[in-house]
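I have placed the structure first, in the form of structure tokens, so that the comments after it can refer back to it.
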């Protein structure tokens, strides 16, 4: 968020003495951006002696008193400045974001790559760990969830800290402790500001026999292609006409 702070100090002398009392008034104007300018929120804060007493939040749409001190100001500002303050969402926040002063890093969006892997060789009904690797995303804000057969899993879920890559993108690993059963479908669900819709990657549990049958089928197809090619080659050679008789001189 971009923050502007205005501080005003006043130090009136105390009657009958030389000591001074200091009063600090602060104003903070804050702009919050989600996915570029897709969603913008503007917040104005009024603070007196380190205590916020009045606030305007664009999500609320009007000035609200935070303490009793701000009640009269809230009524006055809502009558005199409300429309102008509401317009600052575009005239200040959006304008500054799209202007030349906006850092490139604020506008940068990199979509994550998502891959699921199993920590150990699959064995049904045995304890195992699924790892959802989410890499190369920016900005850092991201939400990764696990689902089993459409239901969110919250038990047995753990995550690494965000890891910063050399190009300023990030990566994170989110693990799920589980004991897979045949037919179960596990889904890694990823939400990120760079995405219009979440990324979902599925992993399906299958028995060793099913895996062996699948590998055998793939191997059979490969061998079939090899033998087919060999048969076509032999047929091609056999279709060539017989060679003519050798010259008479050679027969003698």
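Positions of Cβ are set from backbone N, Cα and C atoms, glycine also.
Region 'Connecting peptide' is the annotation Swiss-Prot gives to one range among 4-13, 204-213, and that range is 204-213. Counted with DSSP, the domain 'Ig-like C1-type' (112-200) comes out as 0 helix, 49 strand, 40 coil. In the predicted model, residues of the domain 'Ig-like C1-type' (112-200) average a pLDDT of 91.
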